[in-house]
Structure formats: C-alpha cells, structure tokens
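**Student:** For reference, the structure I am asking about is given below.
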C-alpha cells in the first residue's frame, strides 16, 4: 500500500479554522452589479476562462469570464481569492453573474505588465533574485493560509518592471490542503508538474508549488525555457530523470511504495549537476541560485525546502 505523507509545515491550518473558511461545497457566492463594468478588449483565453480588459468608470480592470464548469469549482476559486490578501497575489475586486447566461465573471485589479516571453531574456541577476523572492513570499503566505496554488508557471505571473512588482494570478486550480486527503494529479501545466504528479501520487502538498517555482527559477538562471521540456506527461518524467537520474527516481518510488516504474526509464542515465547548464561566464554569479535549485529540484517532495526555508537561503541575503 502506498505510503501517505503529510506536509512538513502548515499541515493542520484548515483543521484549526472554522469550516466556513475552507468548505467551498457549502459556500454561497455573493455577487455585485454587472452594470458597473464594461468589456474593452480581449487579453487572452484559457481552458476554463476568457480574460478581458475592462473598465469601471475610468478605472482599468480585468474581467475573467468563466466557462461553464461545476459550480463547486467556481466557489472554490472565489472562496480562496477572498481568503487571500497579499501584495504579490492578484486582488479579487468583485464577482458578477450574467442574468441571462448565468456565466460568472471575476473582476480583478489591472496591473500594467509586459509579456513574460518578451522580458525573459532581459531579466538580470538582481531581477531574478527579486522576483523569486516575491514569488516565494506569496507562496509562503498562501501556504500559511492552508492553500496550494497547483499551477505555478510564468504565464500565471504578471510583472510590472517599472515598479519591480510581481503578482501571482489564476487561482482556478488552487485547493485547500487537508492532511492525508487524496487530490487529483491532473493539475499544473506539464513543464511545471512535480514528479509526484507524474507518478500518480495523490497525497501531495505545498511542496508541489516549490517544485514548480524551481522550474521557473531554472528557466531564468539557465536561460532554457522550459527547463524540463517533455512532449507528454510520461516524456516529462523522462526529461526530469535525464537530469535528476534514474537511481534517485527508483528510490523515491520504492520509499513511498508507489506503482513500479515503466522499464523505459531505466536507460535515462544518472544525475547531472545543474551547474553544467550555467551560461558561459555566469558560474560565479549564479552559485547561490544553483545551490537553491539543487535543494528544490529533487524527487522526494518531503525533502524539498518550504517557501520560508527558501527565503532564508543565502540567495536572498542581499537585495
């Protein structure tokens, strides 16, 4: 039988709170007036929503129109967003519902930002450290509130370079953490999925977000986007194993008594030092970043540092 693990920190946050804090199945969404908002132009489209730039009077806002999904999923996202308040987390301003279509829309603050793909190459070492600190600050906070984001990736971050400000967006896959609860492994985007998801381990915790953050940091440090580039979920694990090694993967699976690995993973090789991916001439500059990555990008979710532990790493000692 598979070994059930529990988060090393913040494991019982929700158990200590009133059930109304986390029970989205019983949550009733209070909505505002849809007439206050006007759609201006489309900004993007996702699997579960369409996003528009809008206006409230003369104020710019973001309108996230949700596609028809289970009501509980909408309630979960709204309840989580209403529970969170942090400078590095996008602010939910209102929720409205179309009286005819019954489609829900979430109203967010508007952040002036550049597309990540455009600024990816331009970010210098100090930028990388500062934005990493802000991501970890947001994760430390939401984890302390008993919430896992479950979809950390560059596309779910907006960066205002002029103000050196980052905010984490899209909390549609976020979930309340309860120890020993089985969760869906069909979360996170492929390139940022933790190994625990790829071996179908359902008892994951906040450390999933830390792995995903590590993938983002690796992209920025090594200028390799994405860092683990799988063509499918099974190939994603192959790409991870080619860097972290087959032996350590096998030990991880055996330790938690997971289903045996497919024999195809046997020939992927052994662990490669992450420092070997450092761009020429940057080795000394990125020593601390690589040291942190070596601690984060590991198979065993129980051994990854927490967001708080990451923030105490030497990488963030000087800003």
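Glycine is treated like the rest: Cβ placed from N, Cα and C.
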**Student:** If Swiss-Prot says 43, 44, 45, 46, 47, 48, 49, 50, 51 bind ATP, which of 36, 60, 64 does it name for the same site?
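**Tutor:** According to Swiss-Prot, the candidate sharing the ATP site with 43, 44, 45, 46, 47, 48, 49, 50, 51 is 64.
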**Student:** For residue 45 (ATP binding site) and residue 151 (active site, proton acceptor), determine the Cα separation and express it in whole Å.
**Tutor:** 16
**Student:** Excluding near sequence neighbours, so keeping only residues 6 or more apart in the same chain, what lies with its CB under 8 A of residue 51 (ATP binding site)?
**Tutor:** 42, 43, 44, 45, 62, 63, 64, 65
**Student:** Could you state the CA-to-CA distance between residue 49 (ATP binding site) and residue 151 (active site, proton acceptor) to the nearest Å?
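**Tutor:** Approximately 15 Å lies between the Cα of residue 49 (ATP binding site) and that of residue 151 (active site, proton acceptor).
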**Student:** If we count other C-beta atoms within 10 Å, could you say which of the binding-site residues 45, 47 has the fewest?
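**Tutor:** Ranked by other Cβ atoms within 10 Å, the binding-site residues 45, 47 bottom out at 47.
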**Student:** For residue 151 (active site, proton acceptor), which residues of its chain lie six or more apart in sequence with Cβ-Cβ distance below 8 Å?
**Tutor:** 170, 172, 173, 174, 187, 188, 189, 192, 212
